[in-house]
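First the structure, in the form of structure tokens, and then the observations on it.
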Amino acid sequence: MILLHFVYSLWALLLIPLINAEEFTPKVTKTIAQDSFEILSFDDSNTLIRKQDASVTISFDDGETWEKVEGIEDEITWIYIDPFNRHDRAVATSMYESRLYITNDQGKSWERITLPDSEKNISSRGCYIETHPLNKNYFLAKCNYCEKTEVDNEENSGDEEGAPVIFNITHCTDKVFASNDGGKSFSEIKSSLERNENSAISISDCGFAKTGKDSDLESSDTSIICLFQNMQLIMDEFSSPYTESKLVLTTDWGKSLKEFDQFKDKVVNGYRILKSHMVVITQGDRYNDMSSMDVWVSNDLSNFKMAYMPTQLRHSMQGEIYEDAMGRIILPMSRERSDQEEDKGIVSEILISDSQGLKFSPIPWTANEVFGYINLYQPTYLKGTMIASLYPLSRRRNRKGKAKGVKNKGVTKISVDNGLTWTVLKVVDPDNADSFDCDITDFENCSLQNMFYTREGSTPTAGILMTTGIVGDGSVFDWGDQRTFISRDGGLTWKLAFDFPCLYAVGDYGNVIVAIPYNADEDDDPQSEFYYSLDQGKTWTEYQLETTIYPNEVMNTTPDGSGAKFILNGFTLAHMDGTTNFIYAIDFSTAFNDKTCEENDFEDWNLAEGKCVNGVKYKIRRRKQDAQCLVKKVFEDLQLFETACDKCTEADYECAFEFVRDATGKCVPDYNLIVLSDVCDKTKKKTVPVKPLQLVKGDKCKKPMTVKSVDISCEGVPKKGTNDKEIVVTENKFDFKIQFYQYFDTVTDESLLMINSRGEAYISHDGGQTIRRVDSNGETIIEVVFNPYYNSSAYLFGSKGSIFSTHDRGYSFMTAKLPEARQLGMPLDFNAKAQDTFIYYGGKNCESILSPECHAVAYLTNDGGETFTEMLDNAIHCEFAGSLFKYPSNEDMVMCQVKEKSSQTRSLVSSTDFFQDDKNTVFENIIGYLSTGGYIIVAVPHENNELRAYVTIDGTEFAEAKFPYDEDVGKQEAFTILESEKGSIFLHLATNLVPGRDFGNLLKSNSNGTSFVTLEHAVNRNTFGYVDFEKIQGLEGIILTNIVSNSDKVAENKEDKQLKTKITFNEGSDWNFLKPPKRDSEGKKFSCSSKSLDECSLHLHGYTERKDIRDTYSSGSALGMMFGVGNVGPNLLPYKECSTFFTTDGGETWAEVKKTPHQWEYGDHGGILVLVPENSETDSISYSTDFGKTWKDYKFCADKVLVKDITTVPRDSALRFLLFGEAADIGGSSFRTYTIDFRNIFERQCDFDITGKESADYKYSPLSSKSNCLFGHQTEFLRKTDENCFIGNIPLSEFSRNIKNCSCTRQDFECDYNFYKANDGTCKLVKGLSPANAADVCKKEPDLIEYFESSGYRKIPLSTCEGGLKLDAPSSPHACPGKEKEFKEKYSVSAGPFAFIFISILLIIFFAAWFVYDRGIRRNGGFARFGEIRLGDDGLIENNNTDRVVNNIVKSGFYVFSNIGSLLQHTKTNIAHVISKIRERFGNRTGPSYSSLIHDQFLDEADDLLAGHDEDANDLSSFMDQGSNFEIEEDDVPTLEEEHTSYTDQPTTTDVPDALPEGNEENIDRPDSTAPSNENQ
């Protein structure tokens, strides 16, 4: 009994504290406030401040009572605690310009600081004070000023109440002021950039070089770094602003500025000063703020080195860059600008540098996972601990177009050894195991997933952490299912704390925890409550609040986590009087009867489970979980005890710069990094020994490891000082082949999608440098479709009926289920004006594809594939016609090709309501149809197996396409639509369809696509309908074709095809063979040297032979440049026997650049050209930076590979190329990709004036020195002149200027319908035909009242010529049928006004004649003296000036009439003479003739020749008028009775008038009916 009584007494003594603990209630004080959302704490004090409305309130007792501060007279917009003087200094910004308030005594008193006044009409939008970590008197004030602009409220109201807008944010300026006397005086640090009129925004960003008391940077206390930027926003063509920048250092408060030389020719995008590094981010392209960036690192503010990035950095979050405890740089990368608003600005990837800050790498387990939001949490008080979470973007909640079936997995992992090893967050909670949907003992498939850790604001504890999240495999994440968890071992294992998500805060180093649910109804009680724990989360007690609030924050009043007092800030919507905020002060300081812990209440807790981290073992003394006391060391920081480890291990080392970790974690050499380093610069040997490991900077282990060197091969490694040294190559190896790839055509990044031989999809956003696999939920990808109207969208079809869609270039994918139908492999058809609207074709009743019941069905979706509706049965091809036409008859019109199950014919139907109620049959029987360039063209079968084409430009009116009648065109059995651009359709009409011997005629239409003329005969095509036809991108009217030169014999099956290449510079009106270069690439003459291009010209392999149709001759951004594989000779040779040729003037002149066939690619608008051998293994490429004048070879890999393709972004504007290659390996072959980056070989970016003006780096020049007029104008193009700079994202092809419009010549016209171009250059009517009925135009345009007959010519649509030759001059107008009355009214003249004018003129003439007769003739003797008057006579009466004028008129009249009489007499005699001569000589010969349309050069000058502007022209005119008088000798002139003598049959060359151009003598011998009419002269 005694023993039992003793045990009972002991149990009672132990129980008393627990009873006290249970009975303990914290002290809670409520304050009602208005508009108070952030409470700030001064460090190591009981003082809190907050902004309430526009004033500042303060509490000196941890928030129990509040009062308004004295000394602040202005309305306040913001308050903040000085991060370097957290104990006593705070700053409040005034609503008024240039004023701030500062306190240095925890808010007891405030001093007003006044900054310099702004300029007139310039208003401050707020100022911010930055302080110095070591000197309290050093300030930097940063202010933003904008022009005051009153804006019309009706057009642009400032707010909902219509207040006027007073800031013009497009003209804003940052200003920085410095003070070294505590704010008593300020001086401006003025930007060293001059602001011009185009600068919309000027930015000045300055900061002290010292960023902390422990800063390791070599700098003085007065060192200030400033970044000045000017941004110009005036050009619509640019997707982003032009930026110029300067990064400078000042040590004398801005009096003098020293620019960092390394960044003089670069665009500095931002900078960040850290503890031991300064990081500078430079923008790769000043004209594209989405371009890739470079990272530069320095530890002394003078020497910067470019860091190695494993991917393109395009959207860094510069304000989030920080250093961890090891000195590694943590670089978050934000996502690009998304179409989804909620995705903008989120962290998409995190890169971590080595301890030197020069080599970055991603978190290993996130590198090849699905792309998503990444969060990294590193509690500073837990050395070596990192918690990272990956959350797939495709699973973002409430996304537009969110689809079902998405299974992309997120994951959260933890590392306690600085990221060397990672593990999932294990849930070890047997008591709650049944509450989870998965087996928590299966850690890999059932772990804690969270998303909300942040780097800032974590309270130090001894390994006690809380978070919200869910437990699962990461495939499902619903915010509503979150719960709250707690850990006591630094995050390695977790237990459930609450079944709902909570806000939480810890105090007393983790011994006191407060949690409040986000939603008060979580416990089925509408009133709010908070929970608290005094045993590190083991048990929880509820405290009921009397008001329902929405918690905004809960915080410990001591930022270091040592105190036991908390603030709960929340708001309610129930009060209508404006008192919406409730502030609760919660005090736990008297818990456990105010007992303070003693030594035996503590235990040691070891970080990282006692392992060495950074060469040190860390431990913390913490209170035992069940101890009945509080630590109560208020304002003391948590102590971390460390013990250096004796031996260094591999965990204390990192890979040297030249090495990377392989899949096993071993450091192996990397060729690309070796090229970037300088290890091979120091030796002439083939190999150099390098240690693969280096000790982590700052590691404290005592005894280093012995690291053996590894021999690195230096063969082929470029030496320092060469351009090749700066080329960066990234190699990726695969155990599969890439079968498909395609870039997204945007300037945002270099994203491309790839499909391998296994049907797996991969995405890259950096031109192939890094590649991620697309999660397709285990489905094989069987087809990929890109949206041609929205460049960021693509659709992947899965083998199990899923469709994976992306609208952000593969950053995220959404999954939907296709309709229950068999996939037929038909492409999607898209709406050009609605991104989420498209048509999918599936097979219905298709158990077998050969089943008679199997038929296609068109399914329509308007929500990006989330839902489908059946639109039309038996449809096999549809078009959203209403979205394609410029002027559609109905914008909702859809056209579909329908093939009924029971019929072999196809029909064309249309609808304006997606075939719900409206269905119109357009054609009963068609072969097919297609859309191109605003036209829809339908092929309709005709009798005798012929085809007819019908064209529409509005979807309602169809017109038959009239093909030219030609002697070599038989049946219209096949045609190919080649292109439609600027109002014309190019079409190839087959004239021979024997397989392997195919060819046909090239045709071109008029503006509405209905009337075609022949441009060229016997143009080559293949059996599949592809044609050797290519329009040169970016230039008007230049086309290359291959013709079958022996077409007659090929058609008769006597010979194989012999191809020749032809070029036109005026859109097909005239064709010529390509001029061959004089010498080959080795300087030797070509074997064929005939001056006749028909026998010796350049020939190129064309479209019909390409492996990839995207490999075009030209590039739209590299104007005038073309590559081709061909030969010089009489015709085209086989591909393997050909060379590679290049031109820079649009095809006028060519040069051989390689002796063998090569693949080519353009970069930087032609500023970088790359060639790689085709069909042969290689380890090198050739590149040129001077537009092909010189070429350099570069070894891009160690082993030779067979390059399958070379590619870059579709706009050919990037400096990065991607090679696909295959290399032979042991046991087979491996597929490889090589990303080759040329950015660094250029010294700088070219200086470009965004208004298009010439500069030092750009000049306007014609395409070639021989270029004159093309399409009626002379054009100059803006071109780069300095090969040492790169162009970047400038749409250079859009900067051209027309010098002048030229006079019209023969080259500005083409033959009209039913006319053909004869060998003499004239357009002649096809034999046996009449001109097209010109009156047909009246039927097409009912409003017309007149029409004109065709002249046989029509002006080329692209021509802008003015004046000159008018070959298309219309005839006299004719009245349209039925419009005779309107026609007569248009051209008739009213009799009344006409009679009045006519009579008035007659009266004036009569009066003038009478006056002259009276004063000049009658007074001087009348007509009797008329014959006696002579010029200069003085016998006439002249009494005044009027008499003199009248007499002069009389004398002049007499002179004129006398000469006219003589001339008439002379003419009469000559006519009689000629008639007599003709009668006697008629039949002997015809007279000489003059032909007008023989030679272009003659015609170009004909207008001037016949205009009488110069002496030679007048001679020619006289020559034509007196055609029978030339070359007649004097003694041959007969009398009337004499017989005519003969004259020579041909004129000699000396008799040709001087005005004729040389070589055109044959054109002057027949002045017949073909001479141009006066209106053409």
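For all residues, glycine too, the Cβ spot is worked out from N, Cα and C.
Between Asn791, Asn1440, Swiss-Prot assigns N-linked glycosylation site to Asn791; no such entry appears for the others, which is not proof they lack it.
Among Asn445, Asn556, the residue that Swiss-Prot annotates as N-linked glycosylation site is Asn445.
If you compare Asn1008, Asn1484 in Swiss-Prot, the N-linked glycosylation site annotation sits on Asn1008. Taking only the Cα positions, the spacing between Asn791 (N-linked glycosylation site) and Asn1301 (N-linked glycosylation site) is 37 angstrom.
In this structure, of the glycosylation sites Asn445, Asn791, Asn1301, the smallest number of CB atoms within 10 A of the CB marks Asn445.
A distance of 74 Å separates the Cα atom of Asn1301 (N-linked glycosylation site) from that of Asn445 (N-linked glycosylation site). Under the three-state DSSP scheme, Asn1301 (N-linked glycosylation site) falls in the strand class.
Across the repeat 'BNR 9' (1141-1150), DSSP helix (H, G, I), strand (E, B) and coil residues number 0 helix, 3 strand, 7 coil. For the repeat 'BNR 5' (485-495), DSSP puts the residue distribution at 0 helix, 6 strand, 5 coil. Restricting the average to the repeat 'BNR 9' (1141-1150) gives a pLDDT of 93.
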